[in-house]
Amino acid sequence: GPIPEVLKNYMDAQYYGEIGIGTPPQCFTVVFDTGSSNLWVPSIHCKLLDIACWIHHKYNSGKSSTYVKNGTTFAIHYGSGSLSGYLSSQDTVSVPCNSALSGVGGIKVERQTFGEATKQPGLTFIAAKFDGILGMAYPRISVNNVVPVFDNLMQQKLVDKDIFSFYLNRDPGAQPGGELMLGGIDSKYYKGSLDYHNVTRKAYWQIHMNQVAVGSSLTLCKGGCEAIVDTGTSLIVGQPEEVRELGKAIGAVPLIQGEYMIPCEKVPSLPDVTVTLGGKKYKLSSENYTLKVSQAGQTICLSGFMGMDIPPPGGPLWILGDVFIGRYYTVFDRDLNRVGLAEAA
């Protein structure tokens, strides 16, 4: 049957779960990221200057009986940080890490090629609560054409249905923080029925978006645009000029790097934002599209919409990140190449 993987939620901004690599399994926390296609974790061979490496779990190939050396070098670039190291090798990936302990039958994906990261520049990965990233997008965007974990999982016939589904809890204090269901759909996490939207380009989980309406006054993505559904992005990302207009409409103040803040007392009176996909309307209330961020006793309210340019050939694209997925339970269907959405329970 389907395998549930429990996720932890850190401040509504990072969702991650535990996997094992090697025999016996070495445990790592990873972001299950539908916006990329590679798996990487920090390496025991990381450079001394790599601070991110000091504070995270590290893979030691010498301790695994199923390790196969590969050694090709690689570099991966994300929206927020880049990473270089070497394409380590092949080994067995277990989800969850120790299935015997969790009482759920887990799965083991054999001969999975992944990256052992030896260099992680910048602050991006130091602040991360997770060790690595497990990409769940299509093979087309996999660096070095490595076969992604879910593709290997399908080929090894480890699930009955070639689908996986995400529930992301938007209450940072509540348990569980979320759930990734491999090979199925967990009906306890949504209400009503699922509506499906066809993938328009099999690279990211890309679908067609009809429009984004802010209250009754402003329409963005007029005449339609393309959007990707991305569990690895915290916010909803749009083109800078469109998000600037949206910011004006909701009284948001530009912060840095395309992010905006909103005076917390204004949040309850802000208009709904409605995303239309395939003729279905997906409403987000101001409570859904704002994030409360507390630091040093101060609470600020961050807009859930961020402006960022995604240039051709991939872009221009909107990104429907955790702000959206938290409100709408999401099914990623590799069998029929479609994305299913229903209101999260």
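The count begins at 1 with the first shown residue.
Any Cβ shown, glycine's included, is placed from N, Cα and C.
In the disulfide annotation of Swiss-Prot, C221 is paired with C225 out of the candidates C225, C264. Cross-referencing N198, N288 with Swiss-Prot, the residue annotated as N-linked glycosylation site turns out to be N198. A disulfide bond in Swiss-Prot ties C301 to one cysteine from C97, C264, and that cysteine is C264. Within its own chain, C264 (disulfide bond) has K292, T299, I300, C301 as residues 6 or more apart in sequence whose C-beta sits under 8 angstroms from its own. For the pair C46 (disulfide bond) and N198 (N-linked glycosylation site), the C-alpha distance works out to 41 angstrom. Nearest in space to D230 (active site), taking C-alpha to C-alpha distance over the recorded positions C53, N70, N198, C221, is N198. On the backbone, the CA of N198 (N-linked glycosylation site) and the CA of C225 (disulfide bond) stand 14 Å apart. In the three-state DSSP reading, D230 (active site) counts as coil.
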